[in-house]
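Here the structure is laid out as structure tokens; the discussion comes afterwards.
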Amino acid sequence: MGTDEHDPLFETKKGKGRVIYRLFSVSLFVGICLIWAYRLKHIPKEGEDGRWVWMGLLGSELWFGLYWVLTKAPRWNPVYRHTFKDRLSQRYEKNLPGVDIFVCTADPALEPPMMAINTVLSAMAYDYPTEKLSVYLSDDAGSDLTFYALLEASSFAEYWLPFCKKFKVEPRSPAAYFRSMAIPNAAANLAREFLVIKKLYEDMENQIENAAKLGRIPEEIRSKHKGFSQWDTYSSRRDHDPIVQILVDRRDQNAQDVEGFLLPTLVYLAREKRPQHPHNFKAGAMNALLRVSSKISNGKIILNVDCDMYSNNSQSLRDALCFLMDEEKGHEIAFVQFAQKFENITKNEIYSNSLRIIFEVEFHGMDGYGGPLYGGTGCFHRRDTLCGGKFNTEYKNDWSDDQNDQLIIEASKNELEERSKEVASIACEENTQWGKEMGLRYGCPVEDVITGLSIQSQGWKSVYLNPTREAFLGVAPTTLLQTLVQQKRWSEGDFQILFSRYSPAWFAYGRIGLGLQLCYCCYCFWAPNCLATLYYSIIPSLYLLKGISLFPQISSPWFIPFAYVMFAENTYSLVEFLWSGGTIYGWWNDQRMWLYKRTSSYLFAFIDTVLKLVGFSNSAFVITAKVADQDVSERYENEVMEFGTTSPMLTLLATLALLNLFCFGGVIAVTSKAGLGVCETMVLQVVLCGVLVLVNWPIYQGLFFRKDKGKLPSSVVVKSIGFALTACIFYTVL
């Protein structure tokens, strides 16, 4: 049955249960206000013991309460999207826009070339007209090994793409597909071709990995492709000329797969780098891709993905176009952000790396206020908005070719490469608006978030899509330290945005809705959470040692709001986590990581940001490792927490864990002598300290009980015991 040409390409539904949730939130806020009232009413008088400690608790509880209000914003108005791809095909199949796909990699050691080319191949195999598809690999290490891997992938694509189309393969990353399937039991021709294509893939993989082990590209391989000559002037990953190689040119009628169909354009890029010039990390790479792609394919739509984030759904490109090409609302939408999902998440998420609540709850809430933030990967953009285009009410969708497209058609392959090298040079950005008003913004560790905020502040909207079949699957960190370092970079970058010219607190005021402002602030205030959390994790436990109560007794009416807020908020948190697809033990791990991030990652992010603001330090971009040793991977799969190295963050966490253990042991010793009456006067303090001890059980295992290589190093054990004992003795003596 046909559809009317005015039928929308997508629909939006509001979340259910909003009224009940709002009433629940109001009751919690009343409880929080009563806690504030208790603190204000019972402040010790001048000269009384604990006055300043009490004031510190009041400050912490004020912060917790106000931040809690911020966290309600993304839960207040969630919306859910659904697309109609059949309508898109009926109306626009012959007039679909060109799409340029950017894959970014930066270190062949931390991000193996095989991982990057699997992502590239999954992008080349989208269910989309190949004559309108171009894939770019940005190699910020300028590695000839990565170039060689892409060269091999371009040959393998001649077999892989027709295989995917013929058998409707999902996912279209070869590695993921072969992992998910044994030999098919279906038709004999599928089983036969499966074995052939798998053999081709394994041969390619062996060749690339052999070159990686050798540490260089063999001379017989280098001599077969002129592209390797561009490494003749290569000095280092931080000092080299721009390298642009068009490996597959779809304008060439010989660029066909084995079935005779055109292949998508495939381009390798290593932008120019010099030691004396800042290269602006991923933002610089993305901006170089924007300029280079405008000279080669100039697609109207841009998808960017990290090298570990392969396409898991060949239809997701069409899903995005349903929003961008919608006749009624499409002209308002700058980008479509898909949920970020990870293929290596364990059942109970030991490091809470699925970011479940963010992508299952909070981004839907942001979407209800005008759109989610730009997450840096799995995002479809309009080219003109990324290049600085401002929204106006007269803006209309225009998917027709422009003058630049005609210049591309008329140019030779060599001419396109030379033009592209010019715009991949450092000089191309000097005295321009790149990194300021054009492209991704510079000067912030989370260049994606600040770029999305600036685009939304110009009047554009964004949308969020979280389809049943994940659009993209990536790799999450597999050790505690990797997770904490990643969280430090994110929280530091978000905190820096608060003090930047794009701050959601003042720059965005009046430019985006109040609800969206609050949602952004929810992330921008991640880092300052460390202060109140550290105070609450240390002071009440230390005061147990002297038997000084900092909370109302169980017989006091003031006990009720404390008990209600603690019970209700944690119960809601558990229900929300389970509703989002998690497990009970996964929720417990999430609570542990909530504590660990706030008392380590956020603390160091807060300190570094303050130092940067006063001119004492600069932010550095840290690449998260995408590979792990075999024994590390086995412990991760068995959900055993991985320490295994020294770090100030791990020392701090171990010290806090031991401090609470010593304090809890002290109160147990006192109770055994003086009776339970001691605990009854300090029940909330004892419960708080006891929960902190339970949460830190993996650290105690790593300190005292484990013998494997993933345990905490002896140096961390000695330092943390010394620091914790010193704190307890120092407080007791004072």
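In case you wondered, yes, glycine gets a Cβ from its N, Cα and C as well.
Some features that TrEMBL has for this protein:
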ACT_SITE  Asp140  active site
ACT_SITE  Asp448  active site
BINDING   Glu111, Asp140  UDP-alpha-D-glucose binding site
BINDING   Lys282, Asp306  Mn(2+) binding site
TRANSMEM  20-40  transmembrane segment
TRANSMEM  52-70  transmembrane segment
TRANSMEM  525-545  transmembrane segment
TRANSMEM  557-582  transmembrane segment
TRANSMEM  602-628  transmembrane segment
TRANSMEM  649-670  transmembrane segment
TRANSMEM  682-700  transmembrane segment
TRANSMEM  712-733  transmembrane segment
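Here Glu111 (UDP-alpha-D-glucose binding site) is positioned 20 angstrom away from Asp448 (active site), judged by their C-alpha atoms. Listed stretches 20-40, 525-545, 682-700 were compared with the transmembrane segment (649-670); the greatest number of C-beta pairs under 8 angstroms is found for 682-700.
When each of the listed stretches 557-582, 682-700, 712-733 is scored by C-beta pairs under 8 angstroms to the transmembrane segment (20-40), 557-582 comes out highest. Sequence-distant neighbours of Asp140 (active site) (same chain, 6+ apart, CB under 8 A from its CB) are Cys104, Thr105, Ala106, Asp107, Arg237, Ala270, Arg271, Lys273, His279, Phe281, Lys282, Ala285. A sphere of 10 angstroms centred on the C-beta of Asp306 (Mn(2+) binding site) encloses 25 other C-beta atoms. Under 8 Å from some Cβ of the transmembrane segment (52-70) lie the Cβ atoms of residues 28-29, 32-33, 35-36, 39-40, 42-44, 518, 521-522, 525, 528-529, 531-532, 535-536, 539-540, 543, 550, 569, all in the same chain and six or more residues away from its ends.
Long-range contacts of the transmembrane segment (712-733) within its own chain (CB-CB distance under 8 A, at least 6 residues past either end) are made by residues 538, 542, 545-546, 643-646, 650-651, 654-659, 661-663, 666, 699, 702-704. Highest local Cβ density among the recorded positions Glu111, Asp448 belongs to Glu111, counted as other Cβ atoms within 10 Å over all protein chains shown. Outside the transmembrane segment (525-545) by six or more residues, the chain places 50, 53, 56-57, 59-61, 63-64, 67, 70, 490-492, 494-495, 498, 551, 595, 598-599, 602-603, 605-606, 609, 656, 659-660, 663-664, 666-667, 682, 685-686, 688-689, 692, 727-728, 731-732 with a CB less than 8 A from a CB of the stretch.
When the Cα atoms are compared, Asp306 (Mn(2+) binding site) and Glu111 (UDP-alpha-D-glucose binding site) turn out to be 10 Å apart. Around the Cβ of Lys282 (Mn(2+) binding site), a 10 Å sphere holds 23 further Cβ atoms from the protein chains shown.
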